[in-house]
């Protein structure tokens, strides 16, 4: 022991920042590879099947819209289920639902059966697994969260890059139903991914505390958290960090989550405060039960609402665009081999972009929301170029550019919410986002398919999707400008404030 060091035998528990958390990151990546990989390849998997049924664009729009609607409703119930059972159990339920839906797709014979198997079962299962994965990941990593998230997203990009080529070769080798059977076997890995989502309490690191000869803050901390003095030797040996915070969070949840919503980082937002003391003395009304169930107090925060709406529009525009892209390429007389190769090129550019973000995040400190905004803005520009090329090489280059930018829309998504919301409200905030995002997708999804069927033009549908993407860029841009102008307007006022000097009194 070095001179001056005192070991008291007391510890605090901190997230592992590695260890089992690495398996959590791999499990999260595995889950997203098998779930997200099928979405841009939807046309490759079911295009011929739906064409034989006489339904194509409208059916694709309807099924994908119902998929995200089921995803959103499942995400809505995730926060409530996590209160009744463990986070890992909720993830396992979602994995089982996703596997059942994958097996049902082997035997589908109509659009309605595909709607139930793919949209309902797989969408609901995916919706349960997303918050579980992000919540567990955020619990394991605090200081290394951005870097490890970038690494996990790189693994996701590596897996999804080969997904369309694998699907096309499976279709050629085993046919439609044989390919669905292979995919069902691959999708069963989601069960393994959810099994590694251990509670972080199982793997917390113990860090020794330095001896404090005058524990002046101990009575205050004990009073704030209502902790009783330790009674056993083990209690003296291990002091769980954040124990008082956990108890206060439990009280907040018991008082129906009446709490404030401060903006984290440099992004300042309004604080929403609810008078829970007076309200908790009265029986909860039906409206209050609904507010607590959905955590609707978050909707009082205009910045949170703007984030939710912007990401919802951008996600729908992105996913719908890449879902319709294979059908558009088939209309331009591209072969299935060329189409799968173009999709793989876009996924490869996505992988390069993920690596770029992982490296740049170690030396640049850029807010996730700014990265998201830049990705949406440049995607709009790239889509206009997409409609101006018709040869293989031009289409491959533009698709690669859009794939590179697509990473900027998907990778920062959970980080945008974790930047703004406190950790204890992340599950409810993200679940509410999924609910709203699914309803928005369900509302505007069939419209794009209807426009395609009425006009007979993919170009018009793509322009509509570009307009939807702009619904993210424009409101966010105005919000940023408004907040910066408001801060500049307050700066001169602060210069006129006179701060009185406080003189120390002599003993």
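Placed from the backbone N, Cα and C atoms, the Cβ positions cover glycine too.
Remember, TrEMBL labels are computer predictions, not curated facts.
Note that the structure is predicted; figures quoted are calculated from it, not measured.
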Stretch carrying region 'Disordered' according to TrEMBL (options 160-189, 190-219, 220-249, 250-279): 220-249
Range annotated as transmembrane segment in TrEMBL, from 281-302, 457-478: 457-478
Intrachain neighbours beyond the transmembrane segment (303-324), with Cβ under 8 angstroms and 6 or more residues off its ends: 39-40, 42-43, 57, 60-61, 64, 68, 261, 263, 267, 269-270, 343, 346, 369, 372, 376, 379, 383, 406, 409-410, 413, 416-417, 420-421, 429, 432-433, 436-437, 440-441, 444-445, 448, 452, 458, 461-462, 465-466, 468-469, 471-473, 475-476, 479
Averaged pLDDT, computed only over the residues in the domain 'Major facilitator superfamily (MFS) profile' (21-487): 78
Residue numbers, six or more beyond the limits of the transmembrane segment (59-77), whose CB comes under 8 Å of its CB atoms: 39, 42-43, 46, 50, 53, 94, 111, 114-115, 118-120, 122-128, 130-131, 294, 316, 319-320, 323-324, 327, 430-439, 441-442, 445-446, 448-450, 452
